[in-house]
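Visitor: The structure's right below; bear with me while I get my questions together.
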Amino acid sequence: MANRSEEAEYENDSRRNHQDKKKEGVLDLVLKRPLRWLRMLIEELHWSFFFGVIVVYGVSQGLGKGLSKVSTQYYFKDEQKIQPSQAQIYVGLIQIPWIIKPLWGLLTDVVPVWGYRRRPYFVFAGVLAMISMMVLWLHTNLHLALALSCLVAGSAGVAIADVTIDACVTQCSISHPTLAADMQSLCGLSSSIGSLVGFSLSGLLVHLVGSKGVYGLLGVTAGLLVVVGMVLKESPSRSLGRKHVNEKFLDAGSAIWKTFQYGEVWRPCLFMLLSAAVSLHIHEGMFYWYTDAKDGPSFSKEAVGSIMSFGAIGSLVGILLYQNFLKNFPFRNVVFWALSLSVLSGFLDLILVLRLNLKLGVPDYFFIVVDEFVSHMISRIKWLPLLVLSSKLCPAGMEGTFFALLMSIEHIGHLVSSWGGGVLLHALKVTRTQFDNLWLVIVIRSFLRVIPIGLVFLIPNVDSNSTILPAEMLTNRISEGVDTEKIEMTALISDEA
């Protein structure tokens, strides 16, 4: 009996130890490992870089995107009272500042302002965004043209801040190649968490203070960009004369042209352009159907915001999946499977619009939440390897300009897809009150997503640890008269706290 009692006690102790180890493993995965990862990034790249990424990606882009997307949709629909096809076109117009990101990047790379190459651009971006958002907030019965101008100006402020921090991210990707994927994951995590908070609050805020009131809040958050510009630790750069600046622009153009002559560079750029262009955006048509269709879900503002917050959660899960399981796989393989899943997920909208989910007993809200989660998760998994790849295609000394150029190529594709979606909605007569052909729009959109799968051969079959450009392009500096320490923020490469 004593032996049996001892055996039972031993089994109980073993079971408790196993449970304790399991709890510790979960705690390590959920809390300790992410904290160790963040601490490693801060130690390797300096806290100033970390702070800049959080503000630009987490607050300006993440939180700002979550708040502005929902408020702009309701602003167009309720304040300006335009058709979904028009709204889709105007959403594309708002993205134009992102297309000319190479200009902002070139300015930050070769044109110091008051002796600094980063800080003034952050300050200018914050001031521009604040003024434009305040005009939208305070002005009543604003004409559509002026409203669009303010939205474009606000977008320009965010884009200028983005290209400035992108230059720092790209520089660190070259100096710390093994951390390139980690840095993109940090950017993506900041953006997704900010978007999650923004989308979660957006519907409630639009309901409480209206779409114009949300623009006032965005003006306040834009002030953080000014703070970044004021506190950044940056070594002064030598001011250049007009003639010298012109020479630098010519040198930059020559370096860009030389880089694009490499097949490893122009082929993935062509892929990003074509894959984005043929993936038509019909978001505004779906939004009007969510809220205005007689046989649709008729979601409230709070419901729309909460649905989009699940999209942000999906993006976050996609980042975690890529960071923990996919970052060491070849770029081509990850993009291929993500595109394949994207084709299938596109048909979830068709099931919803045809109301098949109700016949299956699945409520609208639950189905749309799953759709939003899955589509954003797949989109993020597809986009992250392209971001990492882009950071490895930038010649030294032109990081901001060239990375901005690569991103602008993607934004041109998105502009084409947004306008193409608007044309398709208009051609098939999808309006504020007529949604009979929306199902056909979804079918066409989904089948067009197959095209990029046949273009994945344009992506290099390498992983995030590979070096793509020749060694001489990673050491040459366009900005003469300064060392590497003078080109980027001192905080990024200094060992000082």
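Each position is counted from 1, following the chain as shown.
Backbone N, Cα and C define each Cβ position, glycine as well.
Keep in mind that this is a model prediction, so the values were computed, not measured.
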Visitor: Between the candidate ranges 45-64, 85-104, where does TrEMBL place the transmembrane segment annotation?
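Guide: It is 45-64 that TrEMBL describes as transmembrane segment.
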Visitor: The transmembrane segment (45-64) and the transmembrane segment (144-165): do they have three or more Cβ pairs under 8 Å, with pairs 6 or more apart in sequence?
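Guide: The transmembrane segment (45-64) and the transmembrane segment (144-165): touching, yes.
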Visitor: Residue list, the transmembrane segment (45-64) vs rest of chain: Cβ under 8 Å, 6 or more residues beyond ends.
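Guide: That would be 38, 129, 158, 161-162, 164-165, 168-169, 172, 176, 179, 183, 186-188, 190-198, 218, 221-222, 224-225, 227-228, 231-233, 489, 491-494, 497.
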Visitor: With CB pairs under 8 Å as the measure, which of the listed stretches 121-138, 186-208, 303-322, 402-425 comes out on top against the transmembrane segment (214-232)?
Guide: 121-138
Visitor: How about the transmembrane segment (303-322) with the transmembrane segment (186-208) - do they touch, taking at least 3 C-beta pairs under 8 Å (6 or more apart in sequence) as contact?
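Guide: Stretch pair touches.
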Visitor: Under 8 angstroms, Cβ to Cβ: which one of 121-138, 186-208, 334-354, 402-425 has the largest number of such pairs with the transmembrane segment (265-283)?
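Guide: Against the transmembrane segment (265-283), the leading stretch is 402-425.
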Visitor: Using a Cβ cut-off of under 8 Å, list the residues of the same chain at least 6 residues beyond the transmembrane segment (402-425) that approach it.
Guide: 84-89, 91-92, 95-96, 98-102, 104-106, 163, 166-167, 169-170, 255-256, 259, 269, 272-285, 386, 390-391, 393-395, 441, 444-445
Visitor: Do any residues of this chain, six or more beyond the ends of the transmembrane segment (121-138), have a C-beta under 8 angstroms from a C-beta of it, and if so which?
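Guide: Tertiary neighbours of the transmembrane segment (121-138) are 60, 75, 104, 107-108, 113, 146-147, 150-151, 153-154, 156-161, 164, 212-213, 215-216, 218-220, 222-230, 232.
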